[in-house]
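Down below is the structure, laid out as structure tokens.
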Amino acid sequence: MQILLVEDDNTLFQELKKELEQWDFNVAGIEDFGKVMDTFESFNPEIVILDVQLPKYDGFYWCRKMREVSNVPILFLSSRDNPMDQVMSMELGADDYMQKPFYTNVLIAKLQAIYRRVYEFTAEEKRTLTWQDAVVDLSKDSIQKGDDTIFLSKTEMIILEILITKKNQIVSRDTIITALWDDEAFVSDNTLTVNVSRLRKKLSEISMDSAIETKVGKGYMAHE
């Protein structure tokens, strides 16, 4: 597994790099924090670990840049205790968030869970689903409606796939959380809310935001 670790604290970087390499992860770091995207594009990571507080530009800036060109999973690290940092990271398309200090074994468990979730279908052939008058491409994380195409994050696509495969049925929040993360204890309820909100915002670009309905106190439903 190729990990790009964007961390300016060299002591922490070296400690994490050593721990991750013991699990056979190939870890790259950043030499010039003004050129993070250069390393990102040349290294082609399978997962990015991104610190919030960085020199020159913060992690949110680099997350936006990465999302312009890739759906690679991004896990944020932050020493700040502001809950809005977590909300912002989810809104920008991050897949997970950890606050410093943290247990390294928890980080490794999260990385392994993300990897399984995102890459378990990479060897499969193209898979598509028809939803209303749109075509959902599960292999490309995209939705095409007429001449318009939108792209989802891996997390958003998993949520949508669950809802579409149970069209016109209420899917509980717990069911979705269980499918997204291996250990529910590591997930806040707000994280799912943010991801669904972001999914609806993208669907609005192709006039499909009303296709997913919130059932208060129960969960969500995708209309056929």
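One-based numbering along the chain as shown.
Backbone N, Cα and C define each Cβ position, glycine as well.
As written in Swiss-Prot, here are the features:
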type: DNA_BIND; residues: 126-224; note: DNA-binding region
type: DOMAIN; residues: 2-115; note: domain 'Response regulatory'
type: MOD_RES; residues: D51; note: 4-aspartylphosphate
type: MOD_RES; residues: T128; note: phosphothreonine
type: MOD_RES; residues: T130; note: phosphothreonine
type: MOD_RES; residues: T149; note: phosphothreonine
Summed over the DNA-binding region (126-224), the DSSP helix, strand and coil counts are 44 helix, 26 strand, 29 coil
If you measure T130 (phosphothreonine) to T149 (phosphothreonine) at Cα, how many Å is it?
14
Taking each of the modified residues D51, T128, T130, T149 in turn and counting other Cβ atoms within 10 Å of its Cβ, which one has the fewest?
T130
Cα-Cα distance linking the residue listed as '4-aspartylphosphate' and T149 (phosphothreonine), given in Å to the nearest integer:
31
Three-state secondary structure, D51 (4-aspartylphosphate) (per DSSP):
strand
PLDDT averaged over every residue in the domain 'Response regulatory' (2-115)
90
